[in-house]
């Protein structure tokens with residue numbers, strides 16, 4: 001019987017290099033790309049070869065550990081200067097996913113008091129491995145909590161890919177499908193194709209099929225009709241940043257689904273680890289939304305489909321107001337109701 005173990009890992013540490021599952025080649029080619037320096041890591045994030053907020057944080061952590069091994073520094077002060085430069089450099093790759101900055105800050109903090117280069121290099125490698133290992137445990141816990149929201153046979157709509165290949169393992173929004181299969185609770189996924197890069201059509205369908213989980217692909221425009229005619233029971237999505245009041249940035253089109261859930265009276269869940277929360281921002285209006293290249297919209301797999309010179313608005317994310325969210329599922333449990341109070345309480349513990 002197929003399980004999540006059949007799904008390739010998104011990021012693997014090789015000691016002197018990083019292997020990333022090249023998600024731009026999926027579903028037709030399963031290819032690992034070798035990253036050997038910090039510039040490779042930056043490009044891999046920008047080009048969406050590695051994607052998903054937790055996976056971006058993981059590859060950034062490994063990227064910093066890798067870079068630190070190669071510094072030509074004569075003392076710890078010069079080492080720290082080079083390290084901080086690379087931290088700032090990686091932070092310019094993708095602005096919306098807060099896990100990137102969380103991982104960078106965690107790596108930076110891990111060597112703040114270290115006095116020798118050799119020890120700093122050792123600690124950075126260990127910390128990056130811990131970040132990856134912790135994410136796998138966290139995602140499994142998210143899946144356990146999320147599964148309590150569903151019952152055997154439920155049809156659940158999702159968008160983008162918040163699955164195993166977007167994390168260390170299991171995923172966030174897709175975690176209950178994997179945990180459910182382990183426990184004999186069969187859930188059926190309806191995956192929005194997720195234009196313009198088709199993360200749902202290319203990635204979510206691919207990884208769920210790898211694990212022998214029922215999945216039906218729909219166009220983004222079909223969501224309302226599918227909810228009505230296919231008796232969708234709930235919607236679950238991942239997140240790239242959740243702020244203090246519960247407002248959530250996620251893949252463009254998520255807000256559409258939240259509005260549809262409200263209209264049709266079905267639950268709308270967000271699944272995310274605590275590392276995706278940004279308590280420095282009070283509302284979603286403060287979130288910087290990444291805008292990507294116009295060719296993602298004007299071309300499909302390299303073929304021009306729109307008239308040349310057509311203006312394009314191509315935000316990668318939108319923000320769903322907290323009042324449209326039924327529950328935020330974390331590794332610590334499910335938040336419901338007064339998100340600001342619950343989130344504040346979580347981070348005070």
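Cβ coordinates come from backbone N, Cα and C, glycine included.
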Further substrate ligand in Swiss-Prot, beside 51, 52, 53, 199, 250, 251, within candidate set 9, 85, 94: 94
Residue pair residue 250 (substrate binding site), residue 240 (active site, proton donor) - Cα distance, angstrom, rounded: 5
Secondary-structure category, per DSSP, in which residue 53 (substrate binding site) falls: helix
Check: same-chain CB within 8 A of substrate site center, minus 51, 52, 53, 94, 199, 250, 251: 56, 97, 160, 161, 162, 166, 238, 240, 316, 317
Pairwise CA distance, residue 51 (substrate binding site) versus residue 240 (active site, proton donor), rounded so that it is a whole Å: 11
Rounded Cα-Cα span from residue 251 (substrate binding site) to residue 160 (site 'Transition state stabilizer'), Å: 6
